[in-house]
Amino acid sequence: MSLTGSSIATLVVFILSIIFVIRPLSFPVRLPRLGKRRVHINLTTAPIIAILVLWAAQCLGPRQIRDGIVGTDGVQPYNILILFFSLAYMAITLDITGVLQSAAFWVSNKGGDNGYRLFLYFYIMLTVLSVILGNDPVILSGTAFLVYYTKVSELDPISWLISEFAAANTASMVLFVGNPTNVVICEGFRINNAAFTAYTILPFLACITVCYAILFAQFRVADTWNRRRSVATTTSTPTTTAAIGDANTTAPSTTKDSESTQPESKEPRAHLPRQLRVHGNLDVRSVLLDPTGAWVGSILLAACLVTIIVVSFVHVDVWKISLPFAVAKFGWDLGWDHWRWVARRRRRRGGKKKEEEKGSGVEGKNGKDAERVVKDINEDEDEDEDEDEEGEGGLERVQEEMVLRQLRRGAGGGARKGLPASEAKPTFQEPESEQPEAQTQLQMRKSIDSTTPETRVNSRSNTDQTLVEPQGQASALRSLAFASFAKPTRNESPDHTHKPESIPKDDKDKDKDTNPPPPILPAHIRTKLKKWNTHFRKHFPTLRTALPRLPFALVPFAFSQFILIEALAHQGWISVFAQWLTTASNNNSLYPTIWLVGVLGVVLCNVSGTNIGATILLTKVVRASVARHGMPEHVERAAAIALAVSSNVGAVSWTFSASLAGLLWRRILEDKGVRVGQGVFARWNTGPGVGMMVVGCAVVCAEMAVLYRGVE
């Protein structure tokens, strides 16, 4: 390849697009009629701008754009995206039913108040769920749950959140549908779906075990150092206070006064405490909003995964299997939501008639009439109220409220160890803006309790307080989730007064315009859209909650990455990279190739715009090495498995942009009022990431040594 202006420009523009993916940029622009707007150059727009620049400079043409969309060498981008979105929709709608929250409550009850045991149980639960559902649904629900759980339990959240992130991303390497990078590898190297799992299961087991060991060890070491520093600070405090007292000429104060003037030595919270302050049993069924939908979603998802694995032996495009299952799930959601909406309207009319006849709104057996009255009241309020809704709200908001209610009961319902029962209070405080809503919910619960016999369950500390809601009340709350939704607030953080000390905050205020720009749409159109959105949210709550969760930003990003890689190949850079790989691996030797691809995969995940871009690039490079430099078949297979390990492990590394899951994880934490800095993220992920990279490549080497014994 001879260097030309076009080839150099293509490489420079490609690198610049990666930089803006890692470090997004925004700047204000004043437009006619639209006022002052902000232009964002980020993961969605940067690759598209790069393609437009290269097309204008004639560094790529229509053929490269077509190849990036349709695919070459067996890699079909549309196949990958259809498969990923089909499975993502089924997994997200299953999560909306409350299955993941119920599993988390069950694990919390099994873990008890033993911090070490609960940390292990949560790690295992997140691993198993990520193997089945993939990392994105687990990140969506698991992150929010752990934020609430750690705040209510007064735990340092960083250890629990980092372990969740590591487990979810590592477990996605098992099934080829667990991560879009796995699909790229299977398509690019023509690996059977079942064979992919057979190759990756041993590296996964080794990586997930080593990851847990390193996480546990580094958090325990950090706790030991924190305790030592705390003890040193406490012992040095009296001497410092005495010296200050001797320097002053004031009269000596009493012991009580002197104690009150001494600085408080606040001991930092442990990352992994041995004993937890949560003693109450959590009601597992209370957060299962839709048991019927959970059963249907689980059956459809399991049937889809099994069918994909079985049919892979006859070489059928996987999107032809996953798409019909997703369409079936979509049809079920439409019909099920509509049926419940019609049933609610009929019950509301019947409830109004009964209320007029009986003159009382709360009568009946086992809380059934109370449940209907609660739904009637809330639905009437929803019908009459013009809601100003922005964001998802709906089921997601109700789900959060129900999880928080149960966690507060578990944290404050039982007497804590070492504290009298009178001092056992919930550690979680409601924001002031949500107090009226909380009082309204309390009045609802009182009205239900007046007709439903209380069911009291002993806590782990053998207290007499009620920790599990009465059965009728739990049923009413679950029905309330679909009958009417709490009005969403702009700030979804459940607690704005308490911030974790171990997580640094970004004190830089974002640029905000004092005068907001004028709206694009006229007022009457905005009003119609708002009413339509409110009606759609009430009529189809599952779809209204699931659709915004789908990773639509992946569509332009993935296609853009494929097109940019085709542009690099058109300019000859892929051939150059393939030559470098052949030379560095000692003419495509087995073990050097495994380690080179494994290490490069982890590094490129952090510097090439997510693990998707790194996987597409390395797949092209290895395939070019096979075509141009005669890489043996068994070495190609070993490189593919090493790339599968590194593309999943590479997400657990130094930058959020190493994976889309990392960007999603950070956004969820910011929405919940938790700030995790880039330095903190890299600090806690370096050990597990490096350890898993080394162990994973070593296991791949061992597998290839056994499978290809005697092959040169």
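Using N, Cα and C of the backbone, Cβ positions are placed for all residues, glycine too.
Copied from TrEMBL, the annotated features are:
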TRANSMEM  6-27  transmembrane segment
TRANSMEM  39-58  transmembrane segment
TRANSMEM  78-107  transmembrane segment
TRANSMEM  119-149  transmembrane segment
TRANSMEM  198-219  transmembrane segment
COMPBIAS  232-243  compositional bias 'Low complexity'
COMPBIAS  256-270  compositional bias 'Basic and acidic residues'
TRANSMEM  294-315  transmembrane segment
COMPBIAS  353-377  compositional bias 'Basic and acidic residues'
COMPBIAS  378-393  compositional bias 'Acidic residues'
COMPBIAS  394-403  compositional bias 'Basic and acidic residues'
COMPBIAS  489-514  compositional bias 'Basic and acidic residues'
TRANSMEM  552-574  transmembrane segment
TRANSMEM  594-618  transmembrane segment
TRANSMEM  639-665  transmembrane segment
TRANSMEM  690-708  transmembrane segment
In contact by Cβ distance (the transmembrane segment (119-149), the transmembrane segment (639-665); 3 or more pairs under 8 Å): yes
Contact call for the transmembrane segment (294-315) against the transmembrane segment (78-107), three or more Cβ pairs under 8 Å: yes
Feature contact check the transmembrane segment (690-708) with the transmembrane segment (6-27), CB under 8 Å, 3 or more pairs: no
Among the ranges 78-107, 198-219, 552-574, 690-708, the one whose Cβ pairs under 8 Å to the transmembrane segment (119-149) are most numerous: 78-107
Contacting positions for the transmembrane segment (39-58) when only residues 6+ beyond its ends and CB under 8 Å are counted: 6, 9-10, 13-14, 16-17, 20-21, 24-29, 65, 553, 556-557, 560-561, 563-564, 567, 609-610, 657, 663
Listed stretch, out of 78-107, 552-574, 690-708, that has the most CB pairs under 8 angstroms to the transmembrane segment (198-219): 690-708
